[in-house]
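Report on the structure given below.
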């Protein structure tokens, strides 16, 4: 195992705990960026490339017939092949957290359409599900099992928000372990079926799952209810006959008490387990090899890499599998006082000596072979840790240079900001005020200056007025700027009315002529 330092990372602010890496045709792509996608990459999916120990990110694109795929942190991922002989495969993405901390219950299928030196295009399709649809969650796993010529996906574990009926004011946005149910999803018909397994008593999140044929092995994981990391090793066997599927579970010895560990595949039957936590305040620096042969599993300790002092002494770490036996690891930069970057990244290569020379000279994020990665679900660091940094640059070939100063600062447009001097919205104590609210407060844009968002509740807006403002095309000014708006408002120019001069009325004159005068006047006329 070798550890390579990535000395310079472009636009590292997009890499945060909870991101995922997808491997298509030997190329690695980032999914689950920090914040909502920007104008420079509206898809939020990036091609990762390493040149001279520098990580570069290039935007990827979606086809016109694709659905919208939000950037999701801590989703469940696995690969799906069309058939055993095909080299093409798709990624299944389920659940996860959006940048607004909303949880997703949707399932997406993502496939590579085309790729050249300048552009990578994906297709993303949302699958409609029916039956026992799994609730919105994150920190869970999804795997594909094959039995008797059929294939199904299996969803297990994770965390979700407290049900509405059980929420209190003090713990409105708290999370709980999902019920330890096993969900089978038939992608052909979109049907979901849940199973309650007696051997699975506690909900688990941030565990590791490895699948082979009709069997899934579940290792580790953290339980919020008991605040423990499970030492058990579970073996789920799924039988897919012509009738109803059958799911059985066996508890095996030799488990590992770990959470948030990462798994990468090094051969057809060999996986490597790296990282994670063995307690809340202690990282797990030991590495293990997982061997799957026939219907048996063997977990043995292997020689760990020469961890740097920064990795050993840092409080947390996170990462994701890059494919082909490589892992991208990140640590906070607080331990390096001379460098201002928030995160520092390493590439851990877990293959043997015969593959090390090829790996080191490749200078790309992953190998170019099209070997099929097995069904496994790596998980990143616990959601308890979240950091943000400023991006220095965005290096993209044949594209416009990314400048984060041109983008809107999401920290000032989030739902849990201090919108005004009288703001009383607290993430820990907030409860819905309007009927339209669920898990975040309603906000409205103040049109003063460049514009800023305020909480409707802090502005003492009635629900009727809030609905009227959201539907009407009028500008709104918050309580702090409404008087200023009145003072700066230019009075409308009043066009003076033009008074038309009245024409004087002509008076009728009458002449009274005497008889001699009348005769003289008539003579003049005739």
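Cβ coordinates come from backbone N, Cα and C, glycine included.
Taken from TrEMBL as is:
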type	residues	note
BINDING	419, 423, 455, 458	Zn(2+) 1 binding site
BINDING	446, 452, 478, 481	Zn(2+) 2 binding site
DOMAIN	414-491	domain 'Recombination activating protein 2 PHD'
Original post:
What are the helix, strand and coil residue counts for the domain 'Recombination activating protein 2 PHD' (414-491) according to DSSP?
Top reply: 16 helix, 8 strand, 54 coil
Original post:
Any idea what the Cα distance is from residue 458 (Zn(2+) 1 binding site) over to residue 452 (Zn(2+) 2 binding site), rounded to a whole Å?
Top reply: 14
**OP:** Give me the Cα-Cα distance between residue 423 (Zn(2+) 1 binding site) and residue 478 (Zn(2+) 2 binding site), rounded to a whole Å.
**Re:** 12
Original post:
Averaged over the whole of the domain 'Recombination activating protein 2 PHD' (414-491), what is the pLDDT?
Top reply: 78
Original post:
In angstrom units, rounded to an integer, how far apart are the Cα atoms of residue 419 (Zn(2+) 1 binding site) and residue 452 (Zn(2+) 2 binding site)?
Top reply: 8
Subject >> Under 8 Å by Cβ from residue 478 (Zn(2+) 2 binding site), counting only residues of that chain that are 6 or more apart >> reply: 419, 420, 446, 448, 452, 454, 459
Original post:
Where's the emptiest Cβ shell within 10 Å among the binding-site residues 419, 423, 446, 458?
Top reply: 423
